[in-house]
Amino acid sequence: MNSTSSPLTSDHQAILINGKAHAATLRHRIREDVLAFHDRHGVTPGLAVILVGNDPASEVYVRNKAIQTHHAGMRSFMHMLPETTSETELLDLIERLNNDAAIHGILVQLPLPAGIDARRVTNAIQPEKDVDGLGEVNAGRLAMNLPGIVPCTPLGCLLLLRDQLGDMKGQHAVVIGCSNLVGKPLAMLLLAEGCTVSIAHIHTRDTAALARQADILVVATGCRELVRGDWIKPGATIIDVGITRAQTPDGKTRLVGDVAFDEAVQVAGRITPVPGGVGPMTIACLLENTLTAARMQVGETPS
Ligand SMILES: Nc1nc2c(c(=O)[nH]1)N[C@@H](CN(C=O)c1ccc(C(=O)N[C@@H](CCC(=O)O)C(=O)O)cc1)CN2
């Protein structure tokens, strides 16, 4: 795909990147790998997911994580804690899970209620069991290009990009958003792919001008429809990580991304929809990371 191609015709439509289908294929392969792993070691990978409080979206995500963990042939351990849980209680639970041989991966669903220090909690997870890859050890390994566990959403974006574009060396990737969850780790991954990487954030002077230079544009800001059609270089590949639930005039809700899809689809070469783009890849990559963690814990070398 040549992303520097000449201006597009008025009826141009970008190719949709089908994250839902890609995630299903990935989950199928993981299930086979879990069975093979069990045959080799007699061990079933186990994933513990901790949710503190009653955030409705988080409840849906952790329930889906449990269902998909079972479907992949792994064991799922759910810990649903009340909003009033103290940081000390949460740290005690993590300590127990760190020492439980049946648990190969531990994940604390974000966001956490106010008053709990997410950094302290994430860092309490033993790095080998940190299947979210958000602790300082795994973040450091990623920054140093060393083997480790990579955060799920950035890994999902990378797999989609590799599938669509193959070799990305020399491409200009612009990442809008610099969170520890998505923007920063994804920038590291794209750098390791050989991209020239720019990161835009709240203090960036002219984000639209920077975005217009991107062969690959990743948007992870949580600002719905921030990126307009005229921010996009014709033919560019767009990865929209944002998911916001918006009210429609008929009183219903719909999910919207950080990119104004109807405008972007007329300019981009390829684009992820919301829903059905990056989101489904997040949980599939969590399953992949849990299997990777179990492999490391039995002494297999990560691939
Ligand atoms: N500890 C973590 N917390 C959070 C993470 C994370 O990776 N680790 N990411 C997000 C939430 N998330 C997983 O936890 C997640 C978000 C979205 C989807 C998804 O499949 N989205 C669907 C739409 C689903 C819907 O109808 O609401 C889609 O985009 O098609 C899965 C997982 C924040 N917290």
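Glycine too: its Cβ is placed from the backbone N, Cα and C atoms.
Feature annotations, reproduced from TrEMBL:
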type: DOMAIN; residues: 17-132; note: domain 'Tetrahydrofolate dehydrogenase/cyclohydrolase catalytic'
type: DOMAIN; residues: 151-297; note: domain 'Tetrahydrofolate dehydrogenase/cyclohydrolase NAD(P)-binding'
type: BINDING; residues: Gly177, Cys178, Ser179, Ile202, Ile243; note: NADP(+) binding site
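A map of TrEMBL features onto the structure.
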residue: Gly177; record: NADP(+) binding site; Cβ neighbours (10 Å): 24
residue: Cys178; record: NADP(+) binding site; Cβ neighbours (10 Å): 18
residue: Ser179; record: NADP(+) binding site; Cβ neighbours (10 Å): 16
residue: Ile202; record: NADP(+) binding site; Cβ neighbours (10 Å): 8
residue: Ile243; record: NADP(+) binding site; Cβ neighbours (10 Å): 18
The domain 'Tetrahydrofolate dehydrogenase/cyclohydrolase NAD(P)-binding' (151-297), counted residue by residue under DSSP: helix, strand, coil:
56 helix, 30 strand, 61 coil
Can you tell me which of Gly177, Cys178, Ile202, Ile243, our binding-site residues, come within under 6 Å of ligand 1 at the Cβ?
Ile243
How does the domain 'Tetrahydrofolate dehydrogenase/cyclohydrolase catalytic' (17-132) divide up by DSSP, counting helix, then strand, then coil residues?
61 helix, 19 strand, 36 coil
